[in-house]
Amino acid sequence: MKMQSPKMEQEEVEEERMRNKWPWMKAAQLMEFRMQALVYRYIEAGLRVPHHLVVPIWNSLALSSSSNYNYHSSSLLSNKGVTHIDTLETEPTRCRRTDGKKWRCSNTVLLFEKYCERHMHRGRKRSRKLVESSSEVASSSTKYDNTYGLDRYNESQSHLHGTISGSSNAQVVTIASLPSARSCENVIRPSLVISEFTNKSVSHGRKNMEMSYDDFINEKEASMCVGVVPLQGDESKPSVQKFFPEVSDKCLEAAKFSSNRKNDIIARSREWKNMNVNGGLFHGIHFSPDTVLQERGCFRLQGVETDNEPGRCRRTDGKKWRCSKDVLSGQKYCDKHMHRGMKKKHPVDTTNSHENAGFSPLTVETAVRSVVPCKDGDDQKHSVSVMGITLPRVSDEKSTSSCSTDTTITDTALRGEDDDEEYLSLFSPGV
């Protein structure tokens, strides 16, 4: 039996006391306890807790069965204020990209992120559509609230910085206003605004140089046609060609494309504004000034109708039938249907002074001559002449005002002849 020092014996006694007071912890529990103590030291020092120390604690909280322990531990260990059990992720180191159903990415997340390297920035580039190569040049205009600048090219930054550093007070250069600018022949005149961030040693802000010039493009390969530009005082600086030597064909094409597109939009708006009856949307289709399909001074798209048979009468029954006769010259209907329905608008007024007397205004003008045998002493035959007999008014309740005048006269004349026969029968010999 080995002899132990009094100090070692005292330590063993203390260990036995601790064993009796506290139960033994497992190896995993002891490791977790040490990690928690290390996390506490980070928090006490005011430093950010490393990710590899927090993840095992999250896993242990998720696998734990005690809800109270989960609640208190999550509220203590989370520096973002996580107080609910549902917010805890069962696999915090796994990427959260899913398809909305069962699939989930199995890659490991990045440090302090929720997604892996593959799915980290997914979907950001979909917000802008890639139309043409020129749209990429024009897309940077919205970033600085100006048209496209040359800030992407490193050479332009070096040249601009070397030129502007000489005179820091000159912030805006307008070449068109300077007397030294010379002109060229057959040149398009666009405008260009160049936005550039200068070095912090010169200026901490942004210097905008608006350049509107007369002669920008003669050909695609042509150089700048602007003379020497004095920036301040009597000093002479390099020309615009040396100012921006890296102006490429791509930039020139972008400027020309923007100018042509603007002119095209202006031309279309003028066409719509000045549109009249004879100038419509569809070329080759012109409307008559008197047509009902077109109103003067405005163009209605729903009023445009194409007639397959322009020379045919347009009278229809509203379904399938249509008149087959030819129209009159300069009209839409034939001679039969031209004035149909016009008399219905003005009904004939038959009321006059003869209605009060009960007699018809019509009088039989024809002389009715008949030979009536009369018996007298001499057995002579006398001829009786009946002329201008005023006929009583015959009212036909069934007749309407739309009937023609000829029909009314005929009906009245027929009824008048019947009355004449009754009147002449009085002179017959049998009476």
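Glycine residues also receive a Cβ, built from the backbone N, Cα and C atoms like all the rest.
What Swiss-Prot records for this protein:
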{"type": "DOMAIN", "residues": "24-59", "note": "domain 'QLQ'"}
{"type": "DOMAIN", "residues": "89-133", "note": "domain 'WRC 1'"}
{"type": "DOMAIN", "residues": "307-351", "note": "domain 'WRC 2'"}
{"type": "MOTIF", "residues": "94-104", "note": "motif 'Bipartite nuclear localization signal'"}
{"type": "MOTIF", "residues": "122-129", "note": "motif 'Bipartite nuclear localization signal'"}
{"type": "MOTIF", "residues": "312-322", "note": "motif 'Bipartite nuclear localization signal'"}
{"type": "MOTIF", "residues": "340-345", "note": "motif 'Bipartite nuclear localization signal'"}
Roughly where does the motif 'Bipartite nuclear localization signal' (312-322) sit in mean pLDDT, to the nearest integer?
90
Do any residues of this chain, six or more beyond the ends of the motif 'Bipartite nuclear localization signal' (94-104), have a C-beta under 8 angstroms from a C-beta of it, and if so which?
114-116, 118-119, 122
Counting by DSSP, what is the helix, strand and coil composition of the motif 'Bipartite nuclear localization signal' (312-322)?
0 helix, 3 strand, 8 coil
Number of helical, extended and coil residues in the domain 'QLQ' (24-59), per DSSP:
28 helix, 0 strand, 8 coil
